[in-house]
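Colleague: One structure, pasted below without further comment.
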Amino acid sequence: MSIINTSYVEITTFFLVGMPGLEYAHIWISIPICSMYLIAILGNGTILFIIKTEPSLHGPMYYFLSMLAMSDLGLSLSSLPTVLSIFLFNAPETSSSACFAQEFFIHGFSVLESSVLLIMSFDRFLAIHNPLRYTSILTTVRVAQIGIVFSFKSMLLVLPFPFTLRSLRYCKKNQLSHSYCLHQDVMKLACSDNRIDVIYGFFGALCLMVDFILIAVSYTLILKTVPGIASKKEELKALNTCVSHICAVIIFYLPIINLAVVHRFAGHVSPLINVLMANVLLLVPPLMKPIVYCVKTKQIRVRVVAKLCQWKI
């Protein structure tokens with residue numbers, strides 16, 4: 001399929017890429033990709049179902065975990081249409097409007113996930129540092145308020161992205177470097193001044209960096225507090241809970257950092273590596289986090305096993 005590349009016609013369609021150099025194998029590559037999407041959606045859906053149907057899990061930590069699962073579902077479903085259209089149907093083109101909408105949801109759910117991980121770190125710090133006041137501070141109403149505030153904050157932060165991208169002119173190139181639309185990828189194709197997008201994109205990245213720093217501070221304080229717990233059993237329980245949260249933080253932020261490095265040195269990195277890193281960013285975290293929480297959180301693991309046994313009977 002020929003790709004339009006002209007300086008005379010304003011472009012309204014973008015072309016996404018699958019695996020550069022492996023186009024002949026896209027149908028086979030779609031099998032593991034579809035499997036990963038399916039596992040991620042089923043895994044996060046299971047987490048939500050277990051927490052909703054089990055009254056003993058109706059507590060602040062599990063409500064925040066539900067928010068994390070919902071943001072992972074949103075992230076998976078946002079990228080699903082273009083990824084499947086490329087690998088299953090060999091249809092890499094997408095309209096500019098669809099592209100701008102997709103990057104809004106991808107970035108929005110990414111920022112929301114970062115916010116939820118920050119909330120969860122504060123939740124664990126409060127539970128360990130001040131356990132007697134924990135339930136009185138984090139009431140169900142307050143948890144709902146926190147969730148609503150951070151959801152609005154996340155979406156408002158990325159709301160300008162589609163509008164600033166739409167205000168740009170695209171008249172030279174129209175091929176993106178990923179299987180889905182990202183703000184930093186689209187703005188590079190503009191043939192008009194994109195300084196506003198560069199500055200605002202940097203501001204968005206800075207917000208994620210602040211979240212990461214605050215999360216690191218929270219868990220550092222937790223690790224300092226844990227040795228002071230009188231009961232060895234409670235100390236191990238607190239550490240075990242924190243380990244699952246720390247794993248979730250690493251799973252989320254590590255691909256983002258790697259992709260940022262790849263974008264920074266894009267001229268020295270093969271297009272295949274670029275695409276692989278981008279797919280890891282959106283496929284692996286939603287896939288791995290339900291597994292981590294099922295393995296490391298006994299309350300969820302026991303309920304999942306019980307439900308599976310119940311359905312088998």
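Even glycines carry a Cβ here, placed using N, Cα and C.
Okay, these came from Swiss-Prot:
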| type | residues | note |
| --- | --- | --- |
| DISULFID | CYS99-CYS191 | disulfide bond |
| CARBOHYD | ASN5 | N-linked glycosylation site |
| TOPO_DOM | 1-27 | topological domain 'Extracellular' |
| TOPO_DOM | 49-56 | topological domain 'Cytoplasmic' |
| TOPO_DOM | 78-101 | topological domain 'Extracellular' |
| TOPO_DOM | 123-141 | topological domain 'Cytoplasmic' |
| TOPO_DOM | 163-198 | topological domain 'Extracellular' |
| TOPO_DOM | 219-238 | topological domain 'Cytoplasmic' |
| TOPO_DOM | 260-274 | topological domain 'Extracellular' |
| TOPO_DOM | 296-313 | topological domain 'Cytoplasmic' |
| TRANSMEM | 28-48 | transmembrane segment |
| TRANSMEM | 57-77 | transmembrane segment |
| TRANSMEM | 102-122 | transmembrane segment |
| TRANSMEM | 142-162 | transmembrane segment |
| TRANSMEM | 199-218 | transmembrane segment |
| TRANSMEM | 239-259 | transmembrane segment |
| TRANSMEM | 275-295 | transmembrane segment |
Colleague: Highest CB neighbour count within 10 A among the disulfide-bonded residues CYS99, CYS191?
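Modeller: That would be CYS99, with the most Cβ atoms nearby.
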Colleague: Counting only pairs 6 or more apart in sequence, are there at least 3 Cβ pairs under 8 Å between the transmembrane segment (57-77) and the transmembrane segment (199-218)?
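Modeller: Judged by the Cβ rule, the two regions do not touch, with the required three close pairs absent.
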Colleague: For the transmembrane segment (102-122), which partner among 28-48, 239-259, 275-295 gives the most CB pairs under 8 Å?
Modeller: 239-259
Colleague: For CYS99 (disulfide bond), just give me the three-state DSSP call.
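Modeller: CYS99 (disulfide bond) sits in a helix per DSSP.
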Colleague: On the DSSP side of things, how many residues of the topological domain 'Extracellular' (163-198) fall into helix, strand and coil, could you say?
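Modeller: So the topological domain 'Extracellular' (163-198) is made up of 13 helix, 1 strand, 22 coil.
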Colleague: If we skip the immediate neighbours and take only residues 6+ beyond the ends of the topological domain 'Cytoplasmic' (49-56), which ones have a Cβ under 8 Å from one of its Cβ atoms?
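Modeller: Residues 62-63, 65-66, 299-300, 303-304, 307 contact the topological domain 'Cytoplasmic' (49-56) from elsewhere in the chain.
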Colleague: Count the residues of the topological domain 'Cytoplasmic' (49-56) that DSSP assigns to helix (H, G, I), to strand (E, B) and to coil, and report the three numbers in that order.
Modeller: 7 helix, 0 strand, 1 coil
Colleague: Roughly where does the topological domain 'Extracellular' (1-27) sit in mean pLDDT, to the nearest integer?
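Modeller: 71, rounded to a whole number.
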Colleague: For the topological domain 'Extracellular' (78-101), what are the same-chain contacts with Cβ under 8 Å, counting residues 6+ beyond its ends?
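Modeller: For the topological domain 'Extracellular' (78-101), the list is 1, 11-18, 23, 26-27, 29-30, 33-34, 37, 109, 161-162, 165-166, 170, 176, 179-181, 186, 279, 282.
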Colleague: Checking distant contacts: for the topological domain 'Cytoplasmic' (123-141), what same-chain residues at least six beyond its ends satisfy Cβ-Cβ under 8 A?
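Modeller: Result: 58-61, 63-64, 218-219, 221-222, 225-226, 229, 238, 241-242, 245.
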